[in-house]
Amino acid sequence: MNPPFATQLKANCTSPTGADNTVAQDYKTPNQLDNQYYWNVINHKVLFASDAALLKSGDTAGLVYAAALFQQEWEDRFGKAMVKMGGVEVKTAAIGEIRKKCGYVNKPYSG
């Protein structure tokens, strides 16, 4: 992470009461749906190591640069992804298992 950016985040994450220690994931355009996040990744101004790691692989780095450089293509791909996700059925107890911990199958109910 960009060191001055990290310092700025630490300053912004501290509230006097500790009630609101949050920052926006996209510091430049936090209230817009746009591709700025990818520019933030390129500029090493992201919150998570997993975001920064996108530049470490040739496969994902290429996608990051494409999303940053081609706004309209990003919008088109994002829209298609949202439509696809909208088709995913919500699981309920009747048609699936709602796990108490994501990484573990619940123990069978013994009555």
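In case you wondered, yes, glycine gets a Cβ from its N, Cα and C as well.
What TrEMBL says about a protein is an automatic prediction, not a curated fact.
According to TrEMBL, the protein carries these features:
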type    : residues            : note
BINDING : Asp26, Thr29, Asp34 : Ca(2+) binding site
DOMAIN  : 1-106               : domain 'Plant heme peroxidase family profile'
CB neighbours of Thr29 (Ca(2+) binding site) within 10 A?
14
Asp34 (Ca(2+) binding site): tally of other CB atoms within 10 A of its CB:
15
Please give me the CB contact count at 10 A for Asp26 (Ca(2+) binding site), counting all chains in the structure.
20
DSSP helix/strand/coil residue counts for the domain 'Plant heme peroxidase family profile' (1-106):
52 helix, 0 strand, 54 coil
